[in-house]
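Visitor: The structure that follows is given in the form of structure tokens.
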Amino acid sequence: MRRLAASGAAGAAGAAAAPAADSTDCAQGRSPRPRRLIDLCALWDTGVSSPAAGWKRASGIARRRLNEAETLSSVQEAQLERLEAARPGRLGSGERGPVLRMARQPPPPSVHAAILLCLLSLSGAIEIPMDPSIQNELSQPPTITKQSVKDHIVDPRDNILIECEAKGNPAPSFHWTRNSRFFNIAKDPRVSMRRKSGTLVIDFRSGGRPEEYEGEYQCFARNKFGTALSNRIRLQVSKSPLWPKENLDPVVVQEGAPLTLQCNPPPGLPSPVIFWMSSSMEPITQDKRVSQGHNGDLYFSNVMLQDMQTDYSCNARFHFTHTIQQKNAFTLKVLTNNPYNDSSLRNHPDMYSARGVAERTPSFMYPQGTASSQMVLRGMDLLLECIASGVPTPDIAWYKKGGDLPSDKAKFENFNKALRITNVSEEDSGEYFCLASNKMGSIRHTISVRVKAAPYWLDEPKNLILAPGEDGRLVCRANGNPKPTVQWMVNGEPLQSAPPNPNREVAGDTIIFRDTQISSRAVYQCNTSNEHGYLLANAFVSVLDVPPRMLSPRNQLIRVILYNRTRLDCPFFGSPIPTLRWFKNGQGSNLDGGNYHVYENGSLEIKMIRKEDQGIYTCVATNILGKAENQVRLEVKDPTRIYRMPEDQVAKRGTTVQLECRVKHDPSLKLTVSWLKDDEPLYIGNRMKKEDDSLTIFGVAERDQGSYTCVASTELDQDLAKAYLTVLADQATPTNRLAALPKGRPDRPRDLELTDLAERSVRLTWIPGDDNNSPITDYVVQFEEDQFQPGVWHDHSKFPGSVNSAILQLSPYVNYQFRVIAINEVGSSHPSLPSERYRTSGAPPESNPADVKGEGTRKNNMEITWTPMNATSAFGPNLRYIVKWRRRETRETWNNATVWGSRYVVGQTPVYVPYEIRVQAENDFGKGPEPDTVIGYSGEDYPRAAPTDVKIRVLNSTAISLQWNRVYPDTVQGQLREYRAYYWRESSLLKNLWVSQKRQQASFPGDRPRGVVSRLFPYSNYKLEMVVVNGRGDGPRSETKEFTTPEGVPSAPRRFRVRQPNLETINLEWDHPEHPNGILIGYTLKYVAFNGTKLGKQIVENFSPNQTKFTMQRADPVSRYRFTLSARTQVGSGEAVTEESPAPPNEATPTAAPPTLPLTTVSVTGVVSSTDATATAATTEATTVPTIPSVAPTTMATTTVATTTTTAATTMERPPTTTSETKMPESAYTNNQADIATQGWFIGLMCAIALLVLILLIVCFIKRSRGGKYPVREKKDVPLGPEDPKEEDGSFDYSDEDNKPLQGSQTSLDGTIKQQESDDSLVDYGEGGEGQFNEDGSFIGQYTVKKDKEETEGNESSEATSPVNAIYSLA
């Protein structure tokens, strides 16, 4: 409002503006405190005269405003009298003549300006609060809130969307014009308008050509209070024309000569991005010899033979269609004197002469000639380019005539061939020249740069909300080159054709409103334009007639702690702006000054709360339409203080410790006492007991050692006290009588006495208490003062335990009281009784507050804070602080303020500028020393600019490289924290794949121009925006960039399952990867058989992308399989998932064998079988054969026997073979059978068994040669028929019938015969008579039919041994 009033005065007068002081102060006229307004605007009191008409209006408004108040101060009344007395004539009939005569006299321009300045200062824009209830109640003309860009380019494949959103009360209606003619939406079935919006949607799903809708569109939003306009939106359809077909002949060039390959891309909309590649899509390597110009052509400063090794194709990438069109490739034919392309010469220091190429001076390939000119618009980037030929390749350097290049904006590109100056301004115009030089000479080209400017705002018109009868103005001030013209419109019509309004006056770029009424409401448009562009701004004038109203809840209760600072808020609204006053307990004068301070927003601050400040505070808002009031009840509460704090203790393990914490608080507040251990909440277990004033720990352990903090809190404040608990380990048995006595904390010291009283010192003497068998190591002296923190004890100093008298250094103006605490290894004593008080005399402060800072909390302020000084540094009564500040690097005088608290807010500051700050302490005895100067900064605002020229380079399928132009420091408007990239996954290149479009961000701290964004999804379309971030937040977003990540490798297949329904097959199933990251081309399965540590040959299977099942036939029933599955794209195989086939159900878990159990050998008769081994593994049932080792008779060893239903007749068809079986305890049995055969110990064991079998055969052969056949069934008196085959009679051949041993007997290892079941068959422990003994899957033994136990029990012979017993005897 300050700038608005001053500008209006100058514009209306057409001459010199009013003095700066007047414009500055009168601009404060909208303050809710009119006292200052009348003071400053009565400038005619100094002798300035004015026309009567002006006086009449000014006096009438001033009087009406002053009459709004119920009472006026004496100063205000005197000012009003001076205002009335200064008028040239009264309003009575007898005084009209002089008034009219004076009105006809032309006033001096300076007087006119001063009067207009004062008139405008009497009014200003009213700010409407964001309260929804007020926003919905108040009528408001339309305001455009969202619209499409001026140059709106659309994709022809999509529906067209032209945005136009507006707000107002009542809600506005919308209509459009196309090419300045009414656009009838109802007549076109393809065009529709969104509901409650002006956004146009043109749908082409049913056909139609988007090109038919190209043109210039403008949106109108209207309600009964006016019409707002959008920009003129130029709609264009994106075009991606095809490259004209052409046949290019090979380009023949002499080695060392310059060459230009022209691209001439088709004209697209927007222009395509040009890049050069070979026909095989390999990028062309560019350097200072070969590079691409800004126009897209490829320049060779000199051609070398190696340039023939590839062809050159110009490529154009179109933005909207994401298509790349490739031109037919150029083929080079280089004529050379040295046909051998020796690569070793490429880095030769004299490469050209070595190849026979003549050296020559530089010449410019682009631009041509020695001089050229270039025009650039303000705010755009200036790109100057110089490409030179020559042998050797020239170097390019840039200069500006008459000055230096702008280092903060200039950067070199394309190997120094291009100079880019960002954000061009008028001072960048001038002459630039590039210098191309090599060892043969140099040449220069001069470029004359002219900077023009499209219109840009100096003072954009703002919405104007006035009260009836108030004055105001709209200012539309813009600049440009050439100077733009200003056209005013009202409700979309030229102001010249609008109905006349006597309250409105147009003065160039300013519209002045006087004595506005409700009928003056309208929306004004300012259109400023020149040949380079235009600006269109809407600003409405709304006249509100609203009585005062309060925005906060009524009768609020505010509770505050004694001696704290508080602020009572009273938000209000009204039109005209009400005046606000505060009263206490409904009586007395207006509260302001002293301990009270009233802010312009109506808040009342009480700097230090006292008991007498408790009461009811009333705020009253008044204007000519009425008044409103609200009450706030303030209650003052006593602070929460811990008056008996927990003390440091040393305790033995297993003892009980009690920590005291006694609290004094306001009885009306709820007190909560909690404990922390090592600054973390303490868990109260069953060994602890928490009471209101103590914490007891029973059976102290080492883990209880640490710091304990008592936290006493209410809903308004809290107090803390901390103590440390030390836990001692158990001590060794004492060696002397003193050490054997129990130790304890010392008794408190007593009889404190103060002597040798001086201004800054005193001697304190005390009598030590009993040390309780532990010598006192230290004394701690504490003090308490009764002014700032009464009742709070502070550590003063510490002395050795051998001292009981000490001189204490004191601070001025402190009323001291002392106490002493004794400490030994067990803990601290209780504090002594306090000494008498001693007050030192006062003095000026000797130090200043610390931690002085200046930081902005809003964009237009700076909050100065510091750590307040304590009682011992105050040195006197009424401690206060003198705060000084001024702009850094200026010669302005220091501003200062006296503050009683610890903060001060400087208002109306520019955005983020440095200030010099000083804070000096002062009391009633004087000031402290000169303070140090601290640099602070005013508040930050959001950044105004976005990073430009954002370039994206795809590094791989999951990462991109970003590069951008840094913003100018003055646009950051704060401390640059970081550049931040917002990016989101727009879509996947895979059809029908849903993707999350959640925005992600990548931060790049500091002022840096590049960074890397990683962890992207491959094969996806992304969008990215860049912002600048300062302490306030994000700035505007940059232009949205799009990029596409290439294919990557897929993630692992999901839910990979391995099932084994039987021993012959294994079934595999899986699901597609969660993230294909490209087009799947198949799956790769790798599997390998393994048995223990042995691995088979790896087999690889490839499947189609649709196959998710596979069945494998097992080649080895014993081995297990390890499967590894991965998905593939064109890039390669992705992450693999590994599973193993399940273990066979009959495999035992390998365990260690007990060392005490020996091997037991059993002789069996069986047949070797290799074909049945597999079959028997399928259906088996366990049979265990017990053996009793002689070493450990209490241990039972078992082995697993597999039985099947194979008949005896089938088994006996094979010749019987006697084998031996090694039995091991079950705990020693291993399931790794394939590995056992290769072990040395197993081979040795088999050899021993073979030797025993051989001995058995020899013994049997000898026995048989000595005797005949002995029937086993003879005891049953059952004759054997001659027809019975020997295989069925169950008999064996023995040498002597008399030597036959008793059935059921067995010779033990010590030569005795033990009665037990038959040795010649293991089937007794099975389920049936006939069976197969399956030991290791490689042989099956066949046994005779089981004998009856009753028949075997009668044989008592023990003389001879059976073959089985013979084996035991040999063992």
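The backbone N, Cα and C atoms fix where each Cβ goes, glycine too.
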Visitor: According to TrEMBL, which stretch among 1-31, 373-403 corresponds to the feature region 'Disordered'?
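Guide: Of 1-31, 373-403, TrEMBL gives region 'Disordered' for 1-31.
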Visitor: Are the domain 'Ig-like' (142-238) and the domain 'Ig-like' (455-542) close enough to be called in contact, which here means at least 3 C-beta pairs under 8 A that are separated by 6 or more residues?
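Guide: In contact, yes.
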Visitor: Checking distant contacts: for the region 'Disordered' (831-856), what same-chain residues at least six beyond its ends satisfy Cβ-Cβ under 8 A?
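Guide: Same-chain contacts beyond the ends: 748-750, 752-754, 757, 759-760, 762, 764, 766, 782, 784, 786, 793, 810-821, 862-869, 873-877, 879, 881, 885, 902, 909, 912, 915, 917-929, 931-932, 934-940.
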Visitor: Treating G and I as helix alongside H, and B as strand alongside E, what does DSSP give for the domain 'Ig-like' (547-635) in helix, strand and coil?
Guide: 3 helix, 50 strand, 36 coil
Visitor: What are the DSSP helix/strand/coil residue counts across the region 'Disordered' (1033-1053)?
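Guide: Helix, strand, coil within the region 'Disordered' (1033-1053): 0 helix, 5 strand, 16 coil.
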